[in-house]
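Undergrad: My questions will all concern the structure given below.
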Amino acid sequence: MEIKMAKDYGFCFGVKRAIQIAEKNQNSLIFGSLIHNAKEINRLEKNFNVKIEEDPKKIPKNKSVIIRTHGIPKQDLEYLKNKGVKITDATCPYVIKPQQIVESMSKEGYQIVLFGDINHPEVKGVISYATNQALVINSLEELQEKKLQRKVALVSQTTKQTPQLLQIASYLVERCTEVRIFNTICNATSYNQKAALDLSKEVDIMIVVGGKTSSNTKQLLSIAKQHCEDSYLVEDENELELAWFKNKKLCGITAGASTPDWIIENVKQKISTI
């Protein structure tokens, strides 16, 4: 099987930074899953004795805590600080940016519209910085059902698709007196998405490598399917199915921002033997 890799794929700056922080802070607790890749989390737990804790009330005062890349709600961060916990913040700088924008814009009286998945930890963290009621919408259709104020500030989950953000921005501009638009989709996400789109036009089959709970990985799969119907998401090489590759000659591979090189290489090696 011939293989072609996407021009841009895999670990982004924020994930690399977070993993380095975890490796340097052995025996620490991580507030929530550091990244959305179970295989890499297992490696960190095994080799560096870091453990995940979802409840801030269960974190002892004398324990070192790493804040996940997606960030955490403002009230949880303040709780840990008041508790006297030693905090190492691995929140991606690209996530901190929308947190700051939401806080400042809501203080200025703007209604916050956040384009993202309301159940995603990044979105939960970002929206907690709003000082007034904010809207979280995952599509233009959801926005069309909401009541908008005159002054609106639009931000996005960092892993969303730019064309959808532009549709939402256009809708707001047509209906609100004043609209502040902030493109908070991170550069790595945009590059990886464009590379996946370009590659999907050339290949017979696309394999997207990454965690099934990863937002940016699921976005890559959605993009790949636009031009390559036979696109599949796998967490590792063991999830590959031979039947997918029947009568296929050229396989494209891309990977989510939280997918380590060692997993990508294992997938690539197995496909090369088909």
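The backbone N, Cα and C atoms fix where each Cβ goes, and this holds for glycine too.
Quick paste of what Swiss-Prot says about this protein:
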- Glu122: active site, proton donor (ACT_SITE)
- Cys12, Cys92, Cys186: [4Fe-4S] cluster binding site (BINDING)
- His36, His70, His120, Ser214, Ser215, Asn216, Ser258: isopentenyl diphosphate binding site (BINDING)
- His36, His70, His120, Thr158, Ser214, Ser215, Asn216, Ser258: (2E)-4-hydroxy-3-methylbut-2-enyl diphosphate binding site (BINDING)
- His36, His70, His120, Ser214, Ser215, Asn216, Ser258: dimethylallyl diphosphate binding site (BINDING)
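Show me how these features fit into the shown structure, please.
TA: Cβ neighbours within 10 Å of Glu122 (active site, proton donor), excluding its own Cβ and spanning all shown chains: 25.
In the three-state DSSP classification, Cys92 ([4Fe-4S] cluster binding site) falls within coil. Under a cutoff of 8 A between CB atoms, and with a sequence separation of 6+ in the same chain, the neighbours of Cys92 ([4Fe-4S] cluster binding site) are Cys12, Phe13, Gly14, Val15, Arg17, Ala18, Thr69, His70, Gly71, Thr158, Cys186.
Other C-beta atoms found within 10 angstroms of the C-beta of Ser215 (isopentenyl diphosphate binding site) number 24, with every protein chain shown included.
Around Asn216 (isopentenyl diphosphate binding site), the same-chain residues at least 6 positions away in sequence with a Cβ under 8 Å from its Cβ are Thr159, Thr189, Asn192, Gly210, Gly256, Ala257, Ser258.
DSSP assigns Ser258 (isopentenyl diphosphate binding site) to coil in the three-state reduction, outside any helix or strand. Every protein chain shown contributes to the tally, and the Cβ of Ser258 (isopentenyl diphosphate binding site) ends up with 29 other Cβ atoms within 10 Å.
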Undergrad: Other residues with Cβ within 8 Å of the Cβ centroid of Cys12, Cys92, Cys186 at the [4Fe-4S] cluster site?
TA: Phe13, Gly14, Val15, Thr69, Pro93, Tyr94, Val95, Thr158, Asn187, Ala188, Thr189, Ala257
Undergrad: Quick one: what's DSSP say for Ser214 (isopentenyl diphosphate binding site), helix, strand or coil?
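TA: For Ser214 (isopentenyl diphosphate binding site) - judged by DSSP and reduced to three states - the answer is coil.
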Undergrad: Rounded to the nearest angstrom, how far is the Cα of Glu122 (active site, proton donor) from the Cα of His36 (isopentenyl diphosphate binding site)?
TA: 11
Undergrad: Determine which residues of the same chain, besides His36, His70, His120, Thr158, Ser214, Ser215, Asn216, Ser258, have their CB within 8 A of the center of the CB atoms at the recorded (2E)-4-hydroxy-3-methylbut-2-enyl diphosphate site, and list them by sequence.
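TA: Going along the sequence, the neighbours come out as Ile35, Glu122, Thr159, Thr213, Thr217, Gly256, Ala257.
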